[in-house]
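Swiss-Prot lists 1-25 with the feature signal peptide, giving experimental evidence as the kind of evidence. Here Swiss-Prot flags 26-214 as topological domain 'Extracellular', drawing on sequence analysis. The annotation disulfide bond is assigned in Swiss-Prot to Cys29-Cys114, Cys68-Cys163. Per Swiss-Prot, the feature N-linked glycosylation site maps to Asn90, Asn97, Asn145, Asn195. The annotation region 'Disordered' is assigned in Swiss-Prot to 190-210. Residues annotated as compositional bias 'Low complexity' in Swiss-Prot: 191-202.
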Amino acid sequence: MKKTQTWIITCIYLQLLLFNPLVKTKEICGNPVTDNVKDITKLVANLPNDYMITLNYVAGMDVLPSHCWLRDMVIQLSLSLTTLLDKFSNISEGLSNYSIIDKLGKIVDDLVLCMEENAPKNIKESPKRPETRSFTPEEFFSIFNRSIDAFKDFMVASDTSDCVLSSTLGPEKDSRVSVTKPFMLPPVAASSLRNDSSSSNRKAAKAPEDSGLQWTAMALPALISLVIGFAFGALYWKKKQSSLTRAVENIQINEEDNEISMLQQKEREFQEV
């Protein structure tokens, strides 16, 4: 029994060793965005429309490429969600909201780690810092969804343009983020929200090709590890069957020897009588 478990564990670890490194070479940091984002609809419905959520908004989010503001934005979203979570006690009345916010916070925390590990280098950044603003739940989670959408684009194609506001662009007309379209939930943040259309078009053109390469990189090592796993399984089964066959033959031989010994013993006893 112990030998069987040892072989099974060995095969599993071998497949993991073959599969993980090859996939990680193609993926940036996996996909931390889970289906929990679908619960945003319920959360927004539970919160009062006039409830204000404080967020350090990254200036230039509407005019700069997403890689310029994504890293700072996910950090600020993480801080705001943590503050929001503290306002809901973990009791039956607020358990639903507490659970949803906690799950969304974990998603953003994973995005922060990913962006820290894969932040673009040698990029001239904008000197503007995040500005403290207050948003309704609908506005806040519109920004949340847009950041999620920008992260998905970042996974398939990383832009490297400088993050400096053009001198021809005037200051924002309002200190609040304008919400001109109805609140959209996953799939999040339509591409029309991006003013940098040339960057979006390049990403859209590269997305199918990069997605195909990514799936190929995932499927190929999985197939190889599956074949190797079956091969090890077949070898183990063959060895096990051979051992079982020899064991059965040995049992039969022992039984025959015992029967012969018993017959000889009875024959000697009969002769003595």
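Backbone N, Cα and C define each Cβ position, glycine as well.
For the pair Asn97 (N-linked glycosylation site) and Asn145 (N-linked glycosylation site), the Cα-Cα distance reads 18 Å. Other Cβ atoms within 10 Å of the Cβ of Asn145 (N-linked glycosylation site) number 21 in total over all chains. When the disulfide-bonded residues Cys68, Cys114 are scored by other C-beta atoms within 10 Å, Cys68 scores highest. Cα to Cα, Asn145 (N-linked glycosylation site) and Cys68 (disulfide bond) are separated by 17 Å.
Asn97 (N-linked glycosylation site) is surrounded by 18 other CB atoms, counting those within 10 A of its CB over all protein chains shown. Across the topological domain 'Extracellular' (26-214), the prediction's mean pLDDT works out to 70.
In the three-state DSSP scheme, Cys114 (disulfide bond) falls into the helix class.
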